[in-house]
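Enquirer: Got these off Swiss-Prot a minute ago, pasting:
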type	residues	note
SIGNAL	1-29	signal peptide
CARBOHYD	ASN33	N-linked glycosylation site
DOMAIN	96-131	domain 'EF-hand 1'
DOMAIN	135-170	domain 'EF-hand 2'
BINDING	ASP148, ASP150, ASP152, HIS154, GLU159	Ca(2+) 2 binding site
DOMAIN	231-266	domain 'EF-hand 3'
BINDING	ASP244, ASP246, ASP248, LYS250, GLU255	Ca(2+) 3 binding site
DOMAIN	276-311	domain 'EF-hand 4'
BINDING	ASP289, ASN291, ASP293, GLU300	Ca(2+) 4 binding site
DOMAIN	312-347	domain 'EF-hand 5'
BINDING	ASP325, ASN327, ASP329, HIS331, GLU336	Ca(2+) 5 binding site
Amino acid sequence: MVSKQAFLFSLGSLYLSLLFVFLLMDVYARPANNSALKVEGKEKATDNKDENEIMPPDHLNGVKMEMDGHLNKEFHQEVFLGKEIEEFDEDSEPRRNRRKLAAIFAKVDRNEDKQISANEMQRWIMEKTEEHFQEAVNENKLHFRAVDPDGDGHVSWDEYKIKFLASKGFNEKEVAEKLKNNEDLKIDEETQEVLDNLKDRWFQADNPPADQLLNEEEFLSFLHPEHSQGMLKFMVKEIIRDLDQDGDKKLTLSEFISLPVGTVENQQAQDIDDDWVRDRKKEYEEVIDANHDGIVTMEELEEYMDPMNEYNALNEAKQMIAVADENQDHHLSLEEILKYSEYFTGSKLMDYARNVHEEF
């Protein structure tokens, strides 16, 4: 009986061993990395890290409008907090956030009179915008290296195209070989449309005399059009092209507030759409349409979009003060800023009134 059990045990062990060997063989027979799975030359992408490094971002810190024409909802926080914007979190300890905000107040209050004037706020906005600019310059150095592996300081459109398609999951070596041999790339319609738009943008960033190559500075303009007047103008044209319904290259209020593609399916969506219309109507009438003639020209939109426009910074400073200026003295006290902390930081500092005098 014992010998029979031993035999069955040995047989079972042998079966499990064979099963393990077959599974192991199957694993080693597969590609070493999921990214090697191909569909018509396209690899299965594992993440979009590479894409984020070389694609122009939709969101530009310190710029009033997104690349797609949406208003930048975080603009006020970005130009008030600068790089510290991420430090203000709803989950952060309120007392610590109050102290951070008080420290910022002291920096803005240049003449130390315990209140912030429009000129002081304007100077601060320009400083924080420059901070965002420098951050983009530093990031661009890393991103440029990603598309310039040979380090010659110049990148051709084909070199960028190879890296872009690789970030989308295509086999980099296969794409390079096909481009070298002028062979057709099997690219889906959506990716091709993105490529076409990027190509237009690429050649716009190529400063005269055009050599079809981008250096590091030109690549910065390609990723961040706010760093170049020429590219800022191109960005404005793109936004107007997308919103302009009658082709006159100008924007009426109705064109500017037109809802995004899609239908309202429930009350929550309706509320979102109502907010969209209200916010854009206010921005159009009070800020963008500078001469209030009911028409926004390319020049007006370009001036509105320019983050280094000092006149815009002063207007923004006055608007920010007006939001929290409860005593209507055209200045902001620390208490007023703490009370309207959600506007300035995106984080509501609870029980500010009870604590402000204790702490400061």
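Every residue, even glycine, has its Cβ placed from backbone N, Cα and C.
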Enquirer: With H, G and I counted as helix, E and B as strand and the rest as coil, say where DSSP puts ASN327 (Ca(2+) 5 binding site).
Expert: coil
Enquirer: List only the single closest residue to ASP325 (Ca(2+) 5 binding site), chosen from the binding-site residues ASP148, ASP248, ASN291 by CA-CA distance.
Expert: ASN291
Enquirer: In the same chain, which residues outside the set ASP289, ASN291, ASP293, GLU300 have their CB within 8 A of the centroid of the CB atoms that define the Ca(2+) 4 site?
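Expert: Neighbours within 8 Å of the Cβ centroid, excluding ASP289, ASN291, ASP293, GLU300: ILE288, ALA290, HIS292, GLY294, ILE295, VAL296, THR297.
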Enquirer: By CA distance, which of the binding-site residues (ASP148, ASP244, ASP246, LYS250, ASP329) lies nearest to ASN291 (Ca(2+) 4 binding site)?
Expert: LYS250
Enquirer: Write down the Cα-Cα distance for LYS250 (Ca(2+) 3 binding site) and ASP289 (Ca(2+) 4 binding site), rounded and given in Å.
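Expert: For ASP289 (Ca(2+) 4 binding site) versus LYS250 (Ca(2+) 3 binding site), the Cα atoms are 11 Å apart.
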Enquirer: Which residue counts does DSSP give the domain 'EF-hand 1' (96-131) for helix, strand and coil?
Expert: 27 helix, 1 strand, 8 coil
Enquirer: With an 8 Å cut-off on Cβ-Cβ distance and a minimum sequence separation of at least 6, pull the same-chain contacts of GLU159 (Ca(2+) 2 binding site), or say none.
Expert: VAL147, ASP148
Enquirer: Please identify, from the binding-site residues ASP148, ASP150, ASP289, ASP325, GLU336, the residue with the sparsest Cβ neighbourhood, meaning fewest other Cβ atoms within 10 angstroms.
Expert: ASP150
Enquirer: Please list, in sequence order, every residue of the chain apart from ASP148, ASP150, ASP152, HIS154, GLU159 whose Cβ lies within 8 Å of the Cβ centroid of the Ca(2+) 2 site.
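Expert: Same chain, not in ASP148, ASP150, ASP152, HIS154, GLU159, Cβ within 8 Å: VAL147, PRO149, GLY151, GLY153, VAL155, SER156.
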Enquirer: Of the binding-site residues LYS250, ASP293, GLU300, HIS331, which sits closest to ASP152 (Ca(2+) 2 binding site) by Cα distance?
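Expert: It is GLU300, whose Cα lies nearest.
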Enquirer: Mean pLDDT for the domain 'EF-hand 1' (96-131), rounded to an integer?
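Expert: A mean pLDDT of 95 is what the predicted model shows over the domain 'EF-hand 1' (96-131).
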Enquirer: Of the binding-site residues ASP246, LYS250, ASP293, ASP329, which one sits closest to HIS154 (Ca(2+) 2 binding site) when you measure Cα to Cα?
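Expert: If we rank ASP246, LYS250, ASP293, ASP329 by Cα distance to HIS154 (Ca(2+) 2 binding site), first place goes to LYS250.
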Enquirer: What is the nearest of the binding-site residues ASP150, ASP293, GLU336 to GLU255 (Ca(2+) 3 binding site), using the Cα of each?
Expert: ASP293
Enquirer: Around the Cβ of ASP152 (Ca(2+) 2 binding site), how many other Cβ atoms lie within 10 Å? Please give the count over every shown protein chain.
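Expert: ASP152 (Ca(2+) 2 binding site) is surrounded by 9 other Cβ atoms within 10 Å.
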Enquirer: By CA distance, which of the binding-site residues (ASP150, ASP244, ASP248, LYS250, GLU300) lies nearest to HIS331 (Ca(2+) 5 binding site)?
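Expert: Nearest by Cα distance to HIS331 (Ca(2+) 5 binding site): GLU300.
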